[in-house]
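The block underneath contains the structure these notes are about, expressed in structure tokens.
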């Protein structure tokens with residue numbers, strides 16, 4: 001019973017908190033006349049666990065509508081989280097992760113830089129102009145916390161499993177696995193509302209980060225409410241590299257089984273592994289195709305599918321074979337939503353392990369791989385060009401060229417630059433010949449060479465590399 005002069009609703013006379021004779025059919029609402037509704041008033045997150053996570057909806061022409069996930073990424077999510085006062089963006093979800101809306105689809109192909117004050121300031125198609133359906137509704141998960149408390153799990157397709165990243169100094173960074181154990185993982189799971197800790201994997205099992213390493217020698221007791229409360233070395237002080245990035249798997253994984261791509265050149269290319277019954281396992285390549293790869297790439301936020309390789313292209317796994325005869329339509333939000341045989345039922349061997357190459361991994365290290373060697377840092381050099389893998393001819397191939405390859409893959413220094421197909425002959429295109437690197441280039445594509453595909457070689461001349469690293 002407000003007089004209208006109160007500064008906030010809590011100052012108005014009313015029954016004691018929680019005392020009423022009502023049901024939700026009587027829920028009250030408000031519509032304001034101010035036509036300059038901005039910022040918070042034009043944006044909301046629906047059907048999520050709290051106000052800082054959910055399906056993105058915007059207000060236009062006095063009607064709420066959704067946003068299509070075409071091109072939706074963390075830069076867009078960052079603007080939404082900032083606009084709502086919800087901290088940093090943890091995830092930019094697609095494929096109606098928070099359910100399908102029933103209103104107009106107002107925005108499509110949103111392309112924020114991440115610095116905008118409102119999503120309405122971001123480039124996008126005209127209002128209501130889209131080629132989408134509500135199965136593509138975009139969502140956001142924000143930290144909702146103060147800077148010191150922000151933590152996220154990335155690179156699994158589930159917010160409750162992945163590589164641990166913390167936000168400090170306006171920058172996300174990883175945690176080193178020195179001393180990392182279940183007590184530390186327990187704190188992360190509690191902080192994220194993800195149940196109990198199932199495992200605390202180290203060794204960059206969820207891929208290597210590429211930013212700063214913020215925490216090392218973390219030593220939680222297990223009762224802390226946030227990872228930032230745990231004893232550790234000072235921020236940024238460590239003796240680690242990203243091959244030691246810590247991970248966490250929590251019990252509350254919902255129906256979207258976490259996935260990862262391993263033994264590839266980047267987190268967006270590799271052998272497909274899925275987490276089930278507290279174990280990682282592989283996927284058999286029976287029926288494996290582009291539609292299946294598309295779902296994997298979407299779940300990992302790795303762009304579009306470039307290839308769906310079979311026959312253990314990224315090496316043979318050693319864990320259970322969890323899935324066989326996977327039949328995705330290509331629109332699913334997670335691989336575990338696709339039709340397949342029952343978990344663990346298959347007639348396969350690990351030489352039939354399925355793989356994926358996504359477009360989000362076709363730059364830098366993802367456009368390069370070493371095959372048929374003893375580990376990922378030694379083998380035949382292959383490069384990705386025009387959506388196809390091919391080899392490099394050994395004409396002029398030397399340690400300067402190998403040094404660039406090793407640097408690009410995060411594999412240390414170059415030890416050898418073998419030619420004459422030391423690691424076996426490739427079967428695809430020979431993409432590069434007469435490569436002449438100085439040795440300080442960031443990636444092989446920056447080195448001088450003949451035009452793509454022009455060579456006077458055969459696969460008996462395929463070049464290889466042996467780097468000092470092994471992981």
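Our numbering is plain: 1 for the first residue shown, then up by one each step along the chain.
Just so you know, glycine gets a Cβ as well, placed from its N, Cα and C.
TrEMBL annotations: computationally assigned, not manually curated.
What TrEMBL records for 2-12, 68-132, 81-142, 112-122, 176-240, 220-230, 284-348, 297-358, 328-338, 393-457, 406-467, 437-447 (among others) is disulfide bond. Feature annotation from TrEMBL assigns domain 'SRCR' to 1-33, 43-143, 151-251, 259-359, 368-468.
Taking Cβ-Cβ distances under 8 Å and a sequence gap of 6 or more within the same chain, the neighbours of residue 220 (disulfide bond) are 183, 184, 186, 187, 227, 229, 230, 231. Its Cβ taken as reference, residue 2 (disulfide bond) is surrounded by 11 other Cβ atoms within 10 Å in the chains shown. Within the same chain, residues at least six positions away from residue 348 (disulfide bond) with a Cβ under 8 Å of its Cβ are 284, 285, 286, 321, 324. Looking just at the domain 'SRCR' (1-33), the mean pLDDT is 79.
With the fewest other Cβ atoms inside 10 Å of its Cβ, the least crowded of the disulfide-bonded residues 81, 240, 328 in this structure is 240.
The two recorded residues residue 112 (disulfide bond) and residue 81 (disulfide bond) have their Cα atoms spaced 13 Å from each other. In the three-state DSSP reading, residue 348 (disulfide bond) counts as coil. According to DSSP, the secondary structure content of the domain 'SRCR' (1-33) in residues is 6 helix, 0 strand, 27 coil.
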